[in-house]
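According to TrEMBL, the active site annotation covers ASP14. According to TrEMBL, the active site, proton acceptor annotation covers ASN62. TrEMBL lists ASP14, GLU201 with the feature Mg(2+) binding site. The substrate binding site annotation in TrEMBL covers 15-19, ARG27, HIS31, 59-61, TRP63, ARG65, ARG182, 188-190.
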Amino acid sequence: MPMSIPRHIAIIMDGNGRWAKARGLPRTAGHKAGVETLRETIRAAGKMGIPFMTLFAFSSENWSRPRSEVSDLMGLLKLFIRRDLADLHRENVRVRIIGEREGLGKDIRALLTEAETLTDANTGLTLVIAFNYGSRNEIARAVQRLVADVSAGVLAADAVTPEAITARLDTAGIPDPDVIIRTSGEMRLSNFLLWQAAYSEFVFLPCYWPDFRPSNLAEAIETFQMRERRFGGVTAQDIAL
Ligand code: FPP
């Protein structure tokens, strides 16, 4: 059987702060180094022919960090889009943003829309940036849309199926992640893609995000390929036993 490339890889880029601390640097230096890794990872994913990659860049819980760190992260996103959008477009990358737009500055919202609009027709890697994203918030917003549709009589109450929910999430049209990678040794999902992760394979890596290299991505893909996915069923081998 040919080895399959995962259709969708999602990454929780964790450990920027600890990476910086280990070097006696401010946390911002870790985030800056993290952006470099992000660039390299996007390029590698494109070359490997991965169709979808989601990166968790700012969680709805990150607002509780010191104000200066929050504004650093906002600044890095702005800088990333301003500097890299043309390159991404040239490399045929399609950008999608998931997360709550409300509560973000006007300038950031405009940049996010610009990135999506400019690259909408591209056919290479779909890069999904989770920004001001929290899974429970995403699900709650999807339920609000469902309730509105039911109240308006567009949707019957018994038509509220998993598919109807999936179609109203920010990730509508994006396949569920096959693999979720988290760096820095933490082993939890932290409110990331809770609904979409129902059958994802998890790969936890000890390295901090700034130390993550394309070779780690390749290894995570190999790990995924070696695991047997059963989606709640049994394999032919199980039946033969
Ligand atoms: C976790 O490190 C990382 C984040 C808070 C988000 C990831 C952000 C980047 C890679 C840089 C920003 C990029 C864009 C495009 C905005 P941490 O601070 O939680 O590390 P720690 O757990 O060691 O403190």
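Placed from the backbone N, Cα and C atoms, the Cβ positions cover glycine too.
Checking the binding-site residues SER60, TRP63, ARG182, LEU189, GLU201 against ligand 1, none has a C-beta less than 6 Å from an atom of that molecule. Take the recorded positions ASP14, GLU201: by the count of other Cβ atoms within 10 Å of each Cβ, the lowest one is GLU201.
The DSSP secondary structure for the residue listed as 'active site' is coil. Annotated pair GLU201 (Mg(2+) binding site) and ARG182 (substrate binding site), C-alpha to C-alpha distance, rounded: 11 Å.
With respect to their backbone Cα atoms, the residue listed as 'active site' and ARG182 (substrate binding site) stand 7 Å from each other. Cα of ARG182 (substrate binding site) to Cα of the residue listed as 'active site, proton acceptor': a span of 17 Å. Cβ neighbours of GLY17 (substrate binding site) (same chain, under 8 Å, six or more residues apart in sequence): ARG27, GLY30. Highest Cβ count within 10 Å among the recorded positions SER60, ASN62: SER60. Long-range Cβ proximity for TRP63 (substrate binding site), meaning a same-chain Cβ under 8 A and a gap of 6 or more residues, is found for VAL70.
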